[in-house]
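Single-structure report; data block below.
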Amino acid sequence: MSYGPLDMYRNPGPSGPQLRDFSSIIQTCSGNIQRISQATAQIKNSMSQLGTKQDSSKLQENLQQLQHSTNQLAKETNELLKELGSLPLPLSTSEQRQQRLQKERLMNDFSAALNNFQAVQRRVSEKEKESIARARAGSRLSAEERQREEQLVSFDSHEEWNQMQSQDDEVAITEQDLELIKERETAIRQLEADILDVNQIFKDLAMMIHDQGDLIDSIEANVESSEVHVERATEQLQRAAYYQKKSRKKMCILVLVLSVIIVILGLIIWLVYKTK
């Protein structure tokens, strides 16, 4: 398995600014979250080799690059989520609800992926510190330097000179070990800085979730307001229909009464003319 940097997780694209819509940002964020999860599993697998026979400078270098690349991917996703929150809302209430559900699901997935990634980051940091502690405990530099100072006081024979040369070689090896320790300490400082970056992302995510809650309240208020208007309109239509029906009924009664009156008047007139 390769433990190289996260090049395959990078999203190629033009260097110039791009106008992105809601769907494209959602798709990019979803892909990034999946890649963060995949990289976390890869880091965890590499971490299991630290402190074993498979441990090497190359492994540690690749692990550091992979971890840092994943951290950058998380920061990129965080910025995309901020951009997502700045997009104008659609006019349709149903579309607003759909977008809100998509954003909720996306932020939940991102939070879960970040939790797993940060847990692995901290475990890698612990293992690196344990490895440095073991290396320092096994270092012979202090004792050998003390022996070297004693030998520098006097060496009267060729045997003492050869012994001194041998000790110089051992000291040189130990200094190389210490150089590796310094490199690991630098890597740990970078790792801890990346962990702090993830902490900041969590804070930003919490703020976005809070804003999302305010947005949900606003949408629900708009929905309730729309429902009230619909109910009022329905009630008014029902009243209008009732009054219209009542008016028609009165009109029918009036027409019927007028018809009866006309008939009666007609009969009276007919009877009058008939008697004459």
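Backbone N, Cα and C atoms are what each Cβ position is placed from, and that goes for glycine too.
Listed in Swiss-Prot for this protein:
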- 2-248: topological domain 'Cytoplasmic' (TOPO_DOM)
- Ser139: phosphoserine (MOD_RES)
- Ser142: phosphoserine (MOD_RES)
- Ser218: phosphoserine (MOD_RES)
- Ser225: phosphoserine (MOD_RES)
- 249-269: transmembrane segment (TRANSMEM)
- 270-276: topological domain 'Vesicular' (TOPO_DOM)
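Within the chain carrying the topological domain 'Vesicular' (270-276), a Cβ under 8 angstroms from the stretch's Cβ atoms is held by none of the residues 6 or more beyond its ends. Mean per-residue pLDDT, taken over the topological domain 'Vesicular' (270-276), amounts to 73.
Note on the topological domain 'Vesicular' (270-276): DSSP counts are 6 helix, 0 strand, 1 coil.
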